[in-house]
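According to TrEMBL, the protein carries these features:
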SIGNAL    1-15  signal peptide
DOMAIN    35-334  domain 'D-isomer specific 2-hydroxyacid dehydrogenase catalytic'
BINDING   92, 116  substrate binding site
DOMAIN    125-309  domain 'D-isomer specific 2-hydroxyacid dehydrogenase NAD-binding'
BINDING   171, 172, 192, 227, 228, 229, 230, 231, 253, 279, 308, 309, 310, 311  NAD(+) binding site
SITE      255  site 'Important for catalytic activity'
SITE      308  site 'Important for catalytic activity'
Ligand code: NAI
């Protein structure tokens, strides 16, 4: 019998409104009856801090958590979790875990690679449109009973003819570029230490730029699509933001901590950035006074932030719920025949899905 700890947000009445909302404590990714029929114990909680969570963690052999309501599994917590063998991320991005410590302790870490990449790509493209077209203040106007076209038109542009760049051209970054092509941008650029093949570049219609600073100096719109790890933590700081074209838009659906919170606020205020949008924050949930909730450019616009939701559409929830079940099945059957692309760390080493150039 295996003890499995599942950490999800609670959805309350929303779980009753929509049974396809799998990723909440009420619906439990649809795995309870399946696990119980096999004699395993599932403990579900929305607590991710405090003594109650810590004691549940210390008793669990498997922990499942999501990037949307992440249980931060620090070194200190992992060291105390003596029975822990497997951590599963229901979604993509396992930066809420101390991966080096997981390696040291031979705890496996897997995620459901690919499960929500289309959902995020769609959201990133939408965020670009929302920012560039200046949608949010325009919509606020009509809701408030106002009508002032000039006030919103003065900060509204077209995507057509712009240079658009992605930092990271993996599953999400490449999908974003593919979706942007029909908008007739001036150019689609990317920076990634793993170049695409010439055929793939041709198919997408994009060009690689060898240095990040050079890329940022050319782009009107930048989208961040790398994992969060040592080399990307705080990457977009005051210095790097100053290398961007003045008045560019920045979209970040990767991880909040890739950008330095106060430097983004300052760049927006000074006009270095015209807009910033995305769905990722640090920490999560974002505190009520997180400056990204209310930051604006000089026109009181340029903010397209939402809660961490891009990768958790109902379609994505079905896919990552299925993926979690497959990973559990593989572990519980003793076959350990995981999909290689899901493995972040296993048996004390980094797996197929490398987190950055150092982990290859
Ligand atoms: P992926 O592994 O397919 O692609 C990541 C790409 O980033 C790879 O091509 C890699 O070579 C590149 N990369 C790594 N370090 C880099 C660096 N320092 N500079 C430039 N490129 C670098 O991952 P995928 O599926 O595209 O996801 C990317 C990230 O997006 C995830 O790690 C996660 O943090 C985030 N994400 C966010 C979601 C949301 O709901 N907001 C949902 C899913 C993923």
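From the backbone N, Cα and C atoms, a Cβ is placed for every residue, glycine too.
TrEMBL labels come from automatic prediction, so no person has curated them.
On a predicted model such as this, the values are computed, not experimentally measured, just so you know.
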Of 171, 192, 230, binding-site residues neighbouring ligand 1, Cβ under 6 A: 171, 192
Rounded to the nearest Å - Cα separation of residue 92 (substrate binding site) and residue 171 (NAD(+) binding site): 11
From binding-site residues 171, 192, 228, 308, 310, the one whose Cα lies nearest residue 255 (site 'Important for catalytic activity'): 228
Rounded distance in angstrom between the Cα atoms of residue 308 (NAD(+) binding site) and residue 116 (substrate binding site): 13
Residue 116 (substrate binding site) versus binding-site residues 192, 228, 253, 310 - nearest by Cα: 310
Site extent for NAD(+), whole Å (max Cα pair distance, 171, 172, 192, 227, 228, 229, 230, 231, 253, 279, 308, 309, 310, 311): 25
Model confidence over the domain 'D-isomer specific 2-hydroxyacid dehydrogenase NAD-binding' (125-309) (mean pLDDT, whole number): 98
Among 116, 253, 310, the most crowded of the binding-site residues [Cβ within 10 Å]: 116
Among 192, 230 [binding-site residues], residue with fewest other Cβ within 10 Å: 230
Sparsest Cβ surroundings (other CB atoms within 10 Å) among the recorded positions 171, 255, 308: 171
